[in-house]
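*Asks:* Just lifted these from TrEMBL, have a look:
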type	residues	note
DOMAIN	38-431	domain 'Amino acid transporter transmembrane'
TRANSMEM	74-96	transmembrane segment
TRANSMEM	133-155	transmembrane segment
TRANSMEM	167-185	transmembrane segment
TRANSMEM	192-215	transmembrane segment
TRANSMEM	227-249	transmembrane segment
TRANSMEM	261-285	transmembrane segment
TRANSMEM	308-331	transmembrane segment
TRANSMEM	351-368	transmembrane segment
TRANSMEM	374-395	transmembrane segment
TRANSMEM	416-440	transmembrane segment
Amino acid sequence: MASEKVETVIAGNYVEMEREKGDSSKPTKSKFSTLFWHGGSVYDAWFSCSSNQVAQVLLTLPYSFSQLGMLSGILFQLFYGLMGSWTAYLISVLYVEYRTRKEREKVDFRNHVIQWFEVLDGLLGKHWRNAGLFFNCTFLLFGSVIQLIACASNIYYINDNLDKRTWTYIFGACCATTVFIPSFHNYRIWSFLGLMMTTYTAWYMTIASLVHGQVEGVKHSGPTTMVLYFTGATNILYTFGGHAVTVEIMHAMWKPQKFKLIYLIATLYVLTLTLPSASAVYWAFGDALLTHSNALALLPRTAFRDTAVILMLIHQFITFGFACTPLYFVWEKFIGVHETKSLIKRALTRLPVVIPIWFLAIIFPFFGPINSTVGSLLVSFTVYIIPALAHMVTFASSSSRENAVERAPALMGGWAGLYSVNIFVVGWVLIVGFGFGGWASMLNFVHQVNTFGLFTKCYQCPPHKH
């Protein structure tokens, strides 16, 4: 047992130690790159999780509250926040299990980033790998699309001389520069800034709504229909399902086994941003939000709002990188350049990944409804159902439970409690998230297509005043 523990602690630490030793000859450059570029601490992981979890979705949560009503909105945020933290914990357990088993076999991960589909492949075989690869890649593809749509949706509130589609072209080109960021190690300064940006925007939304007060004749009639109710609930499922990049963030850590509680702490912080902002905006504007999926559209234009828009634009660029980087890795592995040392060669081979994202953002510019659709059809499986099922299957035999690197938490009632929670998660997300949520969000999505049409130039834009 003692030797196993030693191996686990060593897991994921040796490469960085070697790099640190190698860097000692050039201290100034090393200090600079460590500060801004090369992060792998617990704090870096927390910043990455927190800033990645809530980006543009912060602006659509008031819209979800108008569909759900205040009480359901708050309860669903708390419920899905906890459920998301639980499945992120399961993913971290499976990652450490996979990595420890492989390192006992003397596998070297020096120039290789472990991804979720590889964890599934190593622990459960190729069918699991294929399912994980399909759902994860499709989710991250649409996650990147949503960031692009959000960029165009936001900039329009500062500069409406160009329509939203033109802004999508421009931001697609800007976001393509993320191909030059090698891995999640290198998001250190961006993760920190990203979190500052969402924190500012959330508190701006809260304070601006309270200062503005309730609009004349405000109504809070939600929930009114089943379709809207489950669409709103699924957007919140999407909000707390941002951990499709958990494995890549863990791999960027010097001690991945310390990740266990990071996601929960990140979620608790995110709730201090999402609950006050969504509640305050819904309180102030009520049912007007049903036709304004971007909350910034309703807040009066001030220097503070313009600052929030600009900060969210920068943050969406960062989150685009977060969602797209795992796709870059998959593509690199597919064409066989993942372990090459040349950054330029890797960057150039990544460019084809950005093109379909750009194209999809122009076809489906439905900021808000697309979140719920992606949440119900993709997030439900990617980050809730598959991790819970994979964990149960991996530790189904008594020998695998006895030899598990990470024991079942006693607080949860051991393995029996752990399995009970997993069964509940799978059942709930399958029925409520995928079943009802999929039905509702698809109906809503089709309604948007019928109302505005595909390739619409300017989704939910007010008529131009000349």
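Using the three backbone atoms N, Cα and C, a Cβ is placed for every residue, glycine included.
TrEMBL does not curate its annotations; it predicts them automatically.
A description of the local structural setting of each listed feature is requested, covering burial, neighbours and distances.
*Replies:* Within the chain, the transmembrane segment (74-96) has long-range Cβ neighbours (under 8 A, six or more residues past its boundaries) at 8, 11, 49, 61, 68, 114, 116, 119-120, 123, 232-233, 236-237, 239-243, 246-247, 250-251, 256-257, 259-261, 263-264, 267-268, 270-271, 274-275, 278-279, 383-384, 387-388, 390-391, 394, 405-406, 421-422, 425, 428-429.
Note on the transmembrane segment (167-185): residues 37-40, 48, 113, 144, 147-149, 151-152, 155-156, 245, 248-249, 251-252, 313, 317, 320-322, 324-325, 328-329, 343, 346-348, 350-351, 353-354, 357-358, 361-362, 365 of its chain, located 6 or more positions outside it, place their CB under 8 angstroms from a CB of the stretch.
Residues 47, 50-52, 54-55, 58-59, 62, 273-274, 276-277, 280-281, 283-286, 288, 295-296, 299-300, 302, 304-305, 307-308, 311-312, 314-315, 318-319 of the same chain lie 6 or more positions beyond the ends of the transmembrane segment (192-215) yet place their CB under 8 Å from a CB of it.
Tertiary proximity for the transmembrane segment (227-249) is limited to same-chain residues at least six positions away from its ends with a CB under 8 Å from its CB atoms, namely 45, 48-49, 52-54, 57, 60-61, 63-68, 72-73, 76-77, 80-81, 83-85, 87-88, 91-92, 95, 113-116, 119, 136, 139-140, 143, 183-184, 259, 263, 267, 270, 274, 290, 322-323, 325-326, 329, 368-369, 371-372, 374-376, 379-380, 382-384, 429, 432-433, 436-441, 443-444.
Taking Cβ pairs closer than 8 Å, the transmembrane segment (308-331) reaches residues 48, 51-52, 55-56, 58-59, 113, 115-117, 133, 136-137, 140-141, 143-144, 147-148, 150-151, 154-155, 157-158, 171, 174-175, 178-179, 181, 183-184, 187, 190-191, 193-194, 197-198, 200-201, 204-205, 244-245, 248, 296, 338, 346, 349-350, 352-354, 357 in its own chain, all 6 or more past its ends.
Listed by sequence, the residues of this chain that lie at least six past the ends of the transmembrane segment (374-395) yet keep a Cβ under 8 A from its Cβ atoms are 83-84, 87-88, 90-91, 93-94, 97, 120, 123-124, 128, 131-132, 135-136, 138-139, 142-143, 146, 234-235, 237-238, 241-244, 246, 401, 404, 415, 418-419, 422-423, 425-426, 429-430, 433-434, 437-438, 440-442.
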*Asks:* So which of 261-285, 351-368, 416-440 has the most C-beta pairs under 8 Å when paired with the transmembrane segment (133-155)?
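*Replies:* It is 351-368 that shares the most Cβ pairs under 8 Å with the transmembrane segment (133-155).
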*Asks:* Within the same chain, where does the transmembrane segment (261-285) have neighbours whose Cβ lies under 8 angstroms from its own Cβ atoms, ignoring anything closer than 6 residues to its ends? I mean 6 or more beyond.
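*Replies:* That would be 42, 45-46, 49-50, 53-54, 58, 61-62, 64-66, 70, 73-74, 77-78, 81-82, 84-85, 88-89, 92, 198-199, 201-203, 205-207, 209-210, 212-215, 218, 220, 239-240, 243, 246, 292, 295, 298-299.
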